[in-house]
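These notes are about the structure you will find just below.
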Amino acid sequence: MEIFAALGSVLSDPVLLGWVLLAAIVGMIVGAIPGLTASAAIAMLLPLTFYMEPLPALAFLYVIGKSGRYGGSIAAILFNTPGTAASAATQLDGYPLARQGKAGKAMKVATISSVIGDFTGEILLIVGVAWIATIALKLGPPELFAVYFAAFIVIGSVIGKSVTRGLASAALGVLVAMIGLDPISATERFTFNSFDLTNGISLVPLMIGIFVLGEVFTQIEERGKKTEMIPDSDDASRNRLTWAEYKTCLPHVIRSSFIGSFIGMLPGLGSAIAAFVAYGEGKRRAKNPDDWGKGALEGVAAPEAANNAVSGPSMAPLLTLGIPGSTIGAILIGVFLIHGIQIGPTLFLTSRDLVYALFACGLIGIVMYGLIGYYGAAFVGRFITRIPTRVLYPVIFLTSFVASYTSRGNLFDVYVMVAAGFMGWLMRKLDFNPAAFVISFVLAGGAEETFRQALLLSDNGVMIFITRPIALMFLLIGLAALIVRIRSLNRQARAVALEDA
Amino acid sequence: MSASSTPASWTVAVALILLGIGATFTSMTIALDQYGRWGARIFPLAGSLSLIALGLTELWNTKGKPTSSLSREHLPAIAALLLLSLAYVWVMAKFGYLISTGLAAPLALWIFGVRSKTGLAAAAVLCPAVYHMIFFKLLGVFPPLGRWFDLLDVLGGY
């Protein structure tokens, strides 16, 4: 019932609705620009929200994340360049459709499927999150540490091409988070007698560096490449979407929405994995599997629904356990902290109204980006082709400096941002995992705290993690995820070797 | 542990091991608490030893695999942007935000391929003015003032 009260409250606040609308537009544009992601936009705009009330600030960034995920499909279909990693799956059928002169139809299918997927995920979040929080309140430090441990392993090993480099990214994130004073004994760690380092590394400049400046470095390698839009067909009937056409997509959309929602709840997996799993599953169950990859509408609907369904449930571990399920979640932690809101299971006791109002803004944001996308995706596409990247990226470069300074009014943070930016570029170049690095940086503090609390509670040292069944279960989940991933990579390597032979 | 050869495997493995060894030594210098417990050392040590272990694994995986080297085509531009970034912050600390941004904006545009003299000149004036208005006037953030000289002193202050 709280959600209806929250919806009423949000709908009666025109200023808040204005922020949500702006976020829907900004997210869509940023998501559609090849190379830029919703994470980069959120990291860059984060300092602006310091000066806003908590709800508009959170709603603005949350809706940018949602519409940014959808915006990736515009680039995938209209430019044959996925705006986000997740929309690479949409590109498989979206681009062939565009080449057949059906870009408009493909965009409509992508929009409707994204909206259905996002709504499904959001409703599952609204229904389930308070229940998860109730369970989370009963978990003690050993269980919470085991959840953190599983999250580290899953985040480090599941994404990316290399397990060792993914896990190394997570380990580096933990080490960088250790810089500063120990929270319990106030002992200096990795400070090298520098006063600036005793305050630790701030999350905001680190994220701006990794996601924004790192992307600017990457885009230097793309200089001179022009984004070209595939011309739409003059024949309007080719781009009209009928109910009979969409009806065949609906089972795929419903299945993919649940796949996306489930994957979204698991920390670190994210939209790209959800989109490809849904695409694979859709093709396996399709009546026309041979058409997939050649311009099947279902091949656009399935990954788009899954990609967007991730958005809501990825907030569940963040809001209930303080564990960000995605890079966007990691950035939102910064907003909660800046506004003095403690995330975790107690959030539903202390800020219940705020949480439901945020969910309501999410639902309204979905409607807004759905309407804008359905009627204006082609316009957004044309607008993006007119943005000169050789001007856009220098502007983003300059903005990243002022944004990182703004977070604490400290030039040391700007140096941190530059170092993180270069590191972010290097990590992408060397197949490391910047997302695992940032999420581990965020998780490290909580993991250390719960680990040390658990040891204080224990009479048998680290045995407490094995003697408590829930803790043991999560430790085993983490190890199982690692083993499954290594086996799958080894299978792929063998398959490649056989092909080469 | 990877499906295909990852770039610069040997170099990355050695770098991870060296970083891990350095971090392990530094972790061992973290003071023990008043009861002589290792509490503050545990996580830094875990992270450092993990790096060594992962570096050794990476080194093991490179055996018999072809190594792919990184493309060096764009390295001069990357180095130029990194140098500009560091110089921008240094100049900001010494000469304030307006002068540093007035210098950095055209240089960044130039690195990205803008060659129009009018465009570069306009960026040198407009970028500091626009960012100053948005962040330091509208949002009320206190600007980074130059230690040696600041244009804001001449223009009538913040």
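Note that Cβ sites are derived from N, Cα and C of the backbone, with glycine treated the same way.
The annotation transmembrane segment is assigned in TrEMBL to A:16-46 (among others).
Summarising the annotation, TrEMBL assigns domain 'DUF112' to A:17-439.
As annotated by TrEMBL, transmembrane segment applies to A:109-132 (among others).
The list of residues near the transmembrane segment (A:144-160) in space but at least 6 beyond its ends in sequence, with Cβ under 8 angstroms from a Cβ of it, reads 166-171, 174, 266-270, 272-273, 317, 321, 323, 431-433, 435-436, 439-440, 443, 446-447, 450-451, 454, 465, 468, 470-475, 477-479, 481-482, 485-486. If you look up TrEMBL, you'll see A:144-160 (among others) marked as transmembrane segment.
Annotation source TrEMBL lists transmembrane segment at A:167-185 (among others).
Nonlocal intrachain contacts for the transmembrane segment (A:197-217), taken as residues 6+ away from its ends with a CB within less than 8 angstroms of a stretch CB, comprise 35-37, 39-40, 43-44, 46-47, 176-177, 179-181, 188, 190-191, 327, 330-331, 333-334, 337, 393, 396-397, 399-400, 403-404, 407-408, 413-414, 416-425, 427-428, 434, 437-438, 441-442. For A:197-217 (among others), the entry in TrEMBL reads transmembrane segment.
Annotated transmembrane segment per TrEMBL: A:257-279 (among others), in sequence order.
The transmembrane segment annotation in TrEMBL covers A:321-342 (among others).
Annotation source TrEMBL lists transmembrane segment at A:354-377 (among others).
Per TrEMBL, the feature transmembrane segment maps to A:383-403 (among others).
Within its own chain, the transmembrane segment (A:462-484) is flanked in space by residues 139-140, 142-143, 145-147, 149-154, 157-158, 163, 454-455, which lie at least six positions past its ends and keep a Cβ under 8 Å from the stretch. According to TrEMBL, the feature transmembrane segment maps to A:462-484 (among others).
Among residues of the same chain six or more beyond the transmembrane segment (A:167-185), those with a C-beta under 8 A of the stretch's C-beta atoms are 152-153, 155-157, 160, 191, 197-201, 206, 427, 432-434, 436-445, 447-449, 452.
Taking Cβ pairs closer than 8 Å, the transmembrane segment (A:109-132) reaches residues 3, 66, 69-70, 73, 77, 90, 94, 241, 246, 249, 253-254, 256-258, 260-261, 264, 297, 300-302, 304-313, 315-316, 319-320, 348, 355-356, 359, 362-363, 366-367, 369-370, 373-374, 377 in its own chain, all 6 or more past its ends. Within the same chain, residues 29, 32-33, 35-36, 40, 43-48, 74-75, 79, 204, 208-209, 212-213, 215-216, 219-220, 222-223, 225, 227-229, 414, 417, 421 sit at least 6 positions outside the transmembrane segment (A:383-403) and bring their C-beta atoms closer than 8 Å to a C-beta of that stretch.
Residues of the same chain lying 6 or more positions beyond the ends of the transmembrane segment (A:354-377) and with a Cβ under 8 Å from any Cβ of it are 2-3, 5-7, 9-11, 16-17, 20-21, 23-25, 27-28, 54-55, 58-59, 62-63, 66-67, 70, 74, 78, 107-108, 110-112, 114-115, 118-119, 122, 125-126, 129, 311-312, 319, 341, 347-348. Remote same-chain residues near the transmembrane segment (A:16-46) are listed as 10, 52, 55-56, 59-72, 74-75, 79, 81-84, 204, 207-208, 210-212, 215, 218-219, 222, 227, 327-328, 331-332, 334-335, 361, 364-365, 368-369, 372-373, 380-381, 383-384, 387, 389, 392, 396, 399-400, 403, 407 (criterion: CB distance under 8 Å, separation of at least six residues from the stretch ends).
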